[in-house]
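Enquirer: Below are the features listed in TrEMBL for this protein:
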- 8-60: domain 'Myosin N-terminal SH3-like' (DOMAIN)
- GLY163, GLU164, SER165, GLY166, ALA167, GLY168, LYS169, THR170: ATP binding site (BINDING)
- 596-633: region 'Disordered' (REGION)
- 600-610: compositional bias 'Polar residues' (COMPBIAS)
- 643-665: region 'Actin-binding' (REGION)
- 915-1105: coiled coil (COILED)
- 1106-1144: region 'Disordered' (REGION)
- 1116-1130: compositional bias 'Polar residues' (COMPBIAS)
- 1155-1231: coiled coil (COILED)
- 1336-1436: coiled coil (COILED)
- 1531-1807: domain 'Dilute' (DOMAIN)
Amino acid sequence: MAASELYTKFARVWIPDPEEVWRSAELLRDYKPGDKTLLLRLEEGKDLEYRLDPKTKELPHLRNPDILVGENDLTALSYLHEPAVLHNLRVRFIDSKLIYTYCGIVLVAINPYEQLPIYGEDIINAYSGQNMGDMDPHIFAVAEEAYKQMARDERNQSIIVSGESGAGKTVSAKYAMRYFATVSGSASEANVEEKVLASNPIMESIGNAKTTRNDNSSRFGKYIEIGFDKRYRIIGANMRTYLLEKSRVVFQAEEERNYHIFYQLCASAKLPEFKMLQLGAADSFHYTKQGGSPVIEGVDDAREMAHTRQACTLLGISESYQMGIFRILAGILHLGNVGFVSRDSDSCTIPPKHEPLSVFCDLMGVEYEEMCHWLCHRKLATATETYIKPISKLQATNARDALAKHIYAKLFGWIVGHVNQALHSAVKQHSFIGVLDIYGFETFEINSFEQFCINYANEKLQQQFNMHVFKLEQEEYMKEQIPWTLIDFYDNQPCINLIESKLGILDLLDEECKMPKGTDDTWAQKLYNTHLNKCALFEKPRLSNKAFIIQHFADKVEYQCEGFLEKNKDTVFEEQIQVLKSSKFKMLPELFQDDEKAISPTSATPSGRTPLSRVPSKPTKGRPGQLTKEHKKTVGHQFRNSLHLLMETLNATTPHYVRCIKPNDFKFPFTFDEKRAVQQLRACGVLETIRISAAGFPSRWTYQEFFSRYRVLMKQKDVLGDRKQTCKKVLEKLILDKDKYQFGKTKIFFRAGQVAYLEKLRADKLRAACIRIQKTIRGWLLRKKFLRMRRAAVTMQRFVRGYQARCYAKFLRRTKAATVIQKYWRMYVVRRRYKTRRAATIVLQACLRGYLARNRYHKMLREHKAVIIQKWVRGWLARTHYRRCLQAIVYLQCCFRRMMAKRELKKLKIEARSVERYKKLHIGMENKIMQLQRKVDEQNKDYKCLMEKLTSLEGTYNSETEKLRSDLERLQLSEEEAKVATGRVLSLQEELARLQKDLEQTQSEKKSIEERADRYKQETEQLVSNLKEENTLLKQEKESLNHFIMEQAKEITETMEKKLVEETKQLELDLNDERLRYQNLLNEFSRLEERYDDLREEMALMATVSKPGHKRTDSTHSSNESEYTFSSEIAETEDVPSRAEELSEKKVPLDMSLFLKLQKRVTELEQEKQVMQDELDRKEEQMLRSKAKEEERPQIRGAELEYESLKRQELESENKKLKNELNELRKSLSEKSAPEVTAPGAPAYRVLMEQLTSVSEELDVRKEEVLILRSQLVSQKEAVQPKNTMTDATILLEDVQKMKDKGEIAQAYIGLKETNRPSALDCRELNEDGELWLVYEGLKQANRLLESQLQSQKRSHENEAEALRGEIQSLKEENNRQQQLLAQNLQLPPEARIEASLQHEITRLTNENLDLMEQLEKQDKTVRKLKKQLKVFAKKIGELEVGQMENISPGQIIDEPIRPVNIPRKEKDFQGMLEYKKEDEQKLVKNLILELKPRGVAVNLIPGLPAYILFMCVRHADYLNDDQKVRSLLTSTINSIKKVLKKRGDDFETVSFWLSNTCRFLHCLKQYSGEEGFMKHNTARQNEHCLTNFDLAEYRQVLSDLAIQIYQQLVRVLENILQPMIVSGMLEHETIQGVSGVKPTGLRKRTSSIADEGTYTLDSILRQLNSFHSVMCQHGMDPELIKQVVKQMFYIVGAVTLNNLLLRKDMCSWSKGMQIRYNVSQLEEWLRDKNLMNSGAKETLEPLIQAAQLLQVKKKTDDDAEAICSMCNALTTAQIVKVLNLYTPVNEFEERVSVAFIRTIQMRLRDRKDSPQLLMDAKHIFPVTFPFNPSSLALETIQIPASLGLGFISRV
């Protein structure tokens, strides 16, 4: 493929940049061969002319397509080069927040400098068992791969973790070890995995320190071998350490710290146990204050000290040894404070009584003078003499520091040895996985001996890495049978030879150390002379003669020679060591023992380790050289040897590589520095891996994946049946250069860039197809638009023309209308003028005629008025006369009435002063006013009547006057008579004047009274109005208050309802949590039981093996039972020896708690039985004595008969008396009952009356029974002839059934027994068979019973009468209280009175309701109690009847003649019980449980048949009252079910079958328990089958726990079956073919999503679900339980699918979201088909549904973010952000999610309170419940099939 085909316009390339290392640009024109420049446009829009190198003519690197950016594996990139790798890492780290990336076999880990939630146990479980390429890159994936290869290939593994300081090596190694500890577990109870993890805090405290690059930098290398047994469980570990940085003990650079342990000690100095160490703050010690940074932000050294001590304790380091370690460390700190004073240039001294040295000597247990001397002197030995030479201050200081370093190195090695001892296991090691945590390539401004050794180690590791990568490439090509050529890769063997070969750098360094006067300068000169200009990798700096440069594989490094010799020799004076060896402190000499005696990892290595792990090694590298032979090995020599051993170990294992990258030097979270990243990528070998891969065929496709991806590039005729031939045919057409690809057996191999070319062709083809589709669609849309516009134009024309026509028609209509209007208007004007004139004429005529008429009218009116005036004047004169007479009369009446009114007014004033009178006046004021008005009207009427009378009198007077005048002349006979008449008239006139005056006075008084009345009326009306206003205000206030109260009550009600709903939900959650916790405890308990059983079997097997032929039962043997099952043994001493032996061999486990309860109950029953037996014996003795007396005095019989008759008469009279009393009491109650008593107490009164009536009826019945008995007795006395009939015991049986207590039953039994023993004399006196005497004795006994019953009833009647009296008294009190309340209410206003009465009535009704509820509860309790007593007494009566016949002695049977009786035989009626012999119990359990095949039972028999059979057996044992049989059967059943499930616990059919039967057995125990709550749905026949003797509630709890355990086991079984199907069927398989494309994969191959043979699909899952459902239905499992199982299955499917989606970047795409939604819809359709939509299973898939929707929705704008936040309410914030970060376009037409959009989502969801956990808990099991499901099947109809082999049991 020519460059011109790739470097076309718009192609994107990478160009070098000094700041960003590489920058992206876009070609603005095509490249043509020969062009010297390229015209580019940068991403920020700037145009650039890029010049090509004239020598190499190399074009810039091409950029990968966008769909390949962010790949999990760097080798999946089409263009493999440095900028592509860097960009891919940056995108994943910055945009997607993914810190892990594969690079072939290497895992690249970038330190995020932030805690991420991706290391929890749920993540570990998700990666466990998965292929490495199927999941997103993770350290757990590498660990799982190592663990899996160890188990599969039987080969030891190694995980090599390398990187710069601060890159996260230690954390990565720690997480790898945590994964092994979690996944594998330990093989013993010693918790080895915890010890392995506990070694980390110890090693970090003594080997880690803060540097400028890392707060927790490992200053040593370590290789930890984790040992496994044959079952691949951790059994132990071993640790090797390399090159401890001892110089840090005595010197720290700026902003750095010493080892953590020193600061932890100083922070804990105030602890009581550390007082003796005399420590202080870290700033007070020379060895801890040099860096000036004693505190690490966010780290509490005191707390870390506690963790370190806790880890030491866990690893078995005792407190004494811990204190010894701390003493030595404190001594080192004090040693650093020892100061020297110069005496001269060659000698020095220590001040006397120097406190730091004194403390050091005390802690170390050495002599002060001796140590003080040898710190300032040294010993020189010659051939003949030994000299002690003083040393200078500088030499003394160096010697002190060397001693401190040596002590710390020895202590470090001692601790490592003890850690290895603690991790050592006695079990033989089968294999191991090694974790190498070693320093990466380092280069600083000043590089010394430590950097030289580190880089030397990295050179060796890089060589091993290159060889391994090359080997894997070669194996892949050979496996696929493709031709391959030798790949040229960088071989760093020359550099290694330069360092370690003969006359190499290390060899010359050791030689120079042996020279007496060797210096760094002389050694540098030897290096120059030996290697300069002879080795291309060795160079000399231009400006220095004390340094050298080595060309390493990563970079050139300049080393300063200063200090090399001193660090290599690591000199310490032997005299100082000898002083320490002579210490009294026992632990200190242990540190300086000889190598063969010292505690080391080698000595801790078990003999059973593999040869690779038995290679001897030194735990402390860099041991200091001394003058003796044991100290002559230099540090370089030791390091080279240990490195060789390490490489031998790594070469013998399968390596796995983890390269840790430090993204920036400032520890900023998720900040990527391209320069630093490129340096580390070059140094750690990642780019070398890329180069090796790019040199071969880096892109690899299976034929099916290639066909699926590039099907669009093929024509229909190119598609053949064979996919391989199709791909070959297509590739030959697409890529002409055959060297660019190779065909393997199963894959196609491509050179670098070919996949990008194919992607370009695919994108072009798709783009062309899109353009064609767009063209067609746009043409169709435009044509539709044209047709729509044409139709619109025609329509517009039609409407316009119509409009014009309508306008013309309108014009014509208007013209015609105007003419008509003109015509009518003109007519209207003329007509109006005519009408006006006519109206004016009429008005003139009317006015004239009116004037004339009015004149005539006025004249007539004046004449009429004159007549009226005359009439009224004449009338007035007559009335005046009458009025005078009337006024006189009225005046008299008024005076009298005034006097009476004053009296009444006075009385009214007195009454008005009282409130009551005021109220009465107030109430009747209007009526009184009306009465007064009526009185005034009546007075007016009287006045009118008087005036009429007065007028009549005046008329008479006038007539008489006229007569007198007329007769005056005639009557002038006597003048005296005329004078008398005249005087009379005068007196009458005076009287009339006086009466008129009185009338006026009366009228004035009346007027004043009326005024006062009016004023009073006004005042009253005003008062009434005021009261009405107040009343209105009060009503308004009341209404407002009522409204407020109603609103408040409504709010309170709503609040309470909300709270109730919330509390209900919370209680439901708490209940589910508690139920889940309880079921988890049951699960853990069952696991421990299984573990206990396994251990017991192993111990039994060991005992059997150790002692063959001798079997011994462990005395501590216990069953595999729950906490409610039995754990005791049953052994009856009364049985035969063979049975005793059998029971001893078959120990039946029993529940101790239930056994104790039953034993207590048995003891109580035995005591009661003994009391009854004693009473029976006593009665028998009394009867014998009475019989003896009767034999002596037979005549007493008659007296007794008379006495009995008298007794009966007395009883009858007493009965009558009681009846009369009852009648009187009833009468008195009915008479004394007042309305207020009967009203509230009517229900209680009726109840009492009904009770009294029922009692009286019962008394009547008793009386009738007494009369019947009396008549029978008389008839028996009169009978002479003996009767041959049998005794009629019906009456006796009825009386016995009416007995209420045990005493009565016992008394009746004694009486009956006595009647069975008649004396000979009585028999002779009566009849032969003594039948009459028998009847008499029975009647006598019945009379006694009746007497006692009557007495008890009398007492009860008295009690009832007393209760009624009390009720009457209470009603009287209630009446009085009601009257008081009524009086109080009358004094209140009307509204308050109504409210008070309502409140009182509510209170009264509430109290009555409570009383009635209490009475109802008491009655219910009494009814339940009586029902239980009735059942017990009925059973005991039956037993007594049976016992009566059994108690008859054989002699009696012989003496008494037996008459033959014909008893009719009834057809046998089965009672729903099964009887079996006790010795057949094991056979029953064996045939029904242990050897039963569920499939045959489920197909041929009724569901739950074993449960029904077992319950029927339990019923029979309960019927026999055999508690031992019940206990034994239930315990055997539970144990056998557990045994079956343990044996076949992985078979779904078996577990489902016994879950169904256990639940049915549990339901049967509930249904027939006799408890009312479980008997509601029973038939009458089923209620008869209830258990009568035993309460098996505790066994129901045991069975419920067993059902829970079986359910959990069922869930585990179906989870194990479904687990392999879920990911393949729900995610990987393409249910809708062609929707999701396959992206290129790298070296880490993933599971193909194409359905191959053996690949699970969605149909596989649905078939499995159908199988589960059909099996459960066949077994008759409860529908509610089936719903819970289905809900659990769907939760597992949803959780596993979502978890894998969250951990697989390749699955997060739009097309995969569509596939998931389709698969979920298929599952929902399955639920609909099975009618399980209400099971809650669909809701468990909601997180998965929302995740699929999240993959498909738009993810651009803020509205999209809001929609996502509202839609994804079932997903946590972490899950939403994770999906968005993982979203990867499969095609170029999809767009990535921007970082800004993800930040928007995070901001919107920041207030959401949800779990920070990323993955769902796939192991979560919902708490199960077993709703009561009664059976309608009648027990008596169940038939036992012969196929079960239960012929030894029989139906009862």
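Every residue, even glycine, has its Cβ placed from backbone N, Cα and C.
No curator has checked TrEMBL annotations; they are predicted automatically.
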Enquirer: Counting other Cβ atoms within 10 Å of each Cβ, which of the binding-site residues GLY163, GLY166, GLY168 scores lowest?
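Expert: Sparsest of the binding-site residues GLY163, GLY166, GLY168 by Cβ contacts within 10 Å: GLY166.
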Enquirer: Let me know the most crowded of the binding-site residues, choosing from SER165, THR170 and counting other Cβ atoms within 10 Å.
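Expert: Per the Cβ count within 10 Å, the most buried is THR170.
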Enquirer: Report the residues of the chain - excluding GLY163, GLU164, SER165, GLY166, ALA167, GLY168, LYS169, THR170 - with C-beta within 8 Å of the mean position of the site's C-beta atoms, for the recorded ATP site, in sequence order.
Expert: ASN111, ASN214, SER217, SER218, GLY440, CYS660, LYS662
Enquirer: For the domain 'Myosin N-terminal SH3-like' (8-60), DSSP counts of helix, strand and coil?
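Expert: Helix, strand and coil residues of the domain 'Myosin N-terminal SH3-like' (8-60) number 0 helix, 24 strand, 29 coil.
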Enquirer: I want to check the contact list for GLU164 (ATP binding site): same chain, sequence separation of six or more, C-beta distance under 8 angstroms. What comes out?
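Expert: Same-chain residues close to GLU164 (ATP binding site) (Cβ under 8 Å, separated by 6 or more) are ARG213, GLY440, PHE441, GLU442, CYS660, LYS662, GLN680, ALA683.
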Enquirer: Please work out the helix, strand and coil residue numbers for the region 'Actin-binding' (643-665) from the DSSP assignment.
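Expert: Here the numbers are 9 helix, 8 strand, 6 coil.
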Enquirer: My understanding is the cutoff is Cβ-Cβ under 8 Å with a sequence separation of 6 or more in the same chain; which residues meet that for LYS169 (ATP binding site)?
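Expert: Non-local contacts for LYS169 (ATP binding site): VAL161, SER162, GLY163, SER218, ASP437, ILE438, TYR439, GLY440, CYS660.
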Enquirer: Report, as a single number, how many Cβ atoms besides its own are within 10 Å of the Cβ of ALA167 (ATP binding site).
Expert: 26
